[in-house]
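Visitor: The structure follows.
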Amino acid sequence: MKALSKLKAEEGIWMTDVPVPELGHNDLLIKIRKTAICGTDVHIYNWDEWSQKTIPVPMVVGHEYVGEVVGIGQEVKGFKIGDRVSGEGHITCGHCRNCRGGRTHLCRNTIGVGVNRPGCFAEYLVIPAFNAFKIPDNISDDLAAIFDPFGNAVHTALSFDLVGEDVLVSGAGPIGIMAAAVAKHVGARNVVITDVNEYRLELARKMGITRAVNVAKENLNDVMAELGMTEGFDVGLEMSGAPPAFRTMLDTMNHGGRIAMLGIPPSDMSIDWTKVIFKGLFIKGIYGREMFETWYKMAALIQSGLDLSPIITHRFSIDDFQKGFDAMRSGQSGKVILSWD
């Protein structure tokens, strides 16, 4: 079958032929319809330090997808041939304390699809049936293909009660923009997103965010005054991994504020811890999605009117995958969809 693989320990991703994966007793075989390029895939393409330490070569990459069930393992219940599915990209062990306690998103033995085992940038994918999620009929293939990153956004945004709250989102990448849109959709008062990438800030404006702020040109305190905010942000969603952005968030949080962190800062990032302590801030780390509570919330948010369509900016045939990666690497894109049909 046709697949996109990391074939060499250098920059790039290559089209290749690989065997169709074998179906296990507890697995589904999925014929891929559409995939989306994740920032993780760009890291793998660039062959950065993280990728060099993490990705075995060769490896079929990709973990954002929608497809159709074409094979069912003999022990699988609850699925039928033709079901349209996406899937949780974190394969968990099932036997650690967190898995047995129902906190599977915190499994210490997690394996990543397209990272530690063959991924979805291929004509066919095999995953455990436990990881598959049926897509409702009224959700498009394009939106289903981005459920994985949308899940990161939903998990982060819904970590805290947002109704009537003032929310700061630092980092206007696709996940940050979707998190901001979720916050607005569920009843936050003011949702402010910050970045220095004007293209992506404009995408955020199309999603109905209260204010998209280019911090290279505007002062966040001035924006807060303009919005009538006198006490700081109640909730912070840190999506950038940029130390200056996180420090600004700490400066502008209200006392007792709550912060969810999805962005990955450098290991040597320094902050003024007195602001965390004396403001009584709560900081929560976010990894992946809650299985599968986040997935049900994702579907319900879209079905209740949340419009994510502006975040998808580019669509290509899989044969033009290089154009898709070029768009993602340029920083002048939202989500990029690759069609396998």
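Each residue, glycine too, has its Cβ placed from N, Cα and C.
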Visitor: Given that Swiss-Prot annotates H63, E64 as binding Zn(2+) 1, state which candidate in C38, C93 belongs to that site as well.
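Guide: Given H63, E64 bind Zn(2+) 1 in Swiss-Prot, the matching entry from C38, C93 is C38.
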Visitor: From the candidates I175, I312, I318, give the one listed by Swiss-Prot for the same NAD(+) site as D195, R200, L262, G263, I264, I286, Y287.
Guide: I175
Visitor: Between the Cα atoms of I175 (NAD(+) binding site) and C38 (Zn(2+) 1 binding site), what distance do you get, rounded to the nearest Å?
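Guide: A Cα-Cα distance of 10 Å.
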Visitor: Taking Cα atoms as reference points, rank the recorded positions H43, H63, E64, C93, C99 by distance from D195 (NAD(+) binding site) and give the first.
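Guide: Sorting the recorded positions by distance from D195 (NAD(+) binding site), the top entry is H43.
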Visitor: Between any two of I175, D195, R200, L262, G263, I264, I286, Y287, the residues recorded as binding NAD(+), what is the biggest Cα to Cα distance in Å?
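Guide: 23 Å is the greatest Cα spacing among the residues binding NAD(+).
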Visitor: Where does H63 (Zn(2+) 1 binding site) sit in DSSP terms: helix, strand, or coil?
Guide: coil
Visitor: Rank aside, I only need the closest one: which of the recorded positions T40, H63, I286, Y287 has its C-alpha nearest to that of C107 (Zn(2+) 2 binding site)?
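Guide: Checking each of T40, H63, I286, Y287 against C107 (Zn(2+) 2 binding site), the shortest Cα distance is to Y287.
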Visitor: How many neighbouring Cβ atoms, not counting its own, are there within 10 Å of the Cβ of R200 (NAD(+) binding site)?
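Guide: Within a 10 Å radius of the Cβ of R200 (NAD(+) binding site) lie 23 other Cβ atoms.
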Visitor: Within a 10 Å radius around the Cβ, which one of these binding-site residues has the most neighbouring Cβ atoms: E64, D195?
Guide: E64
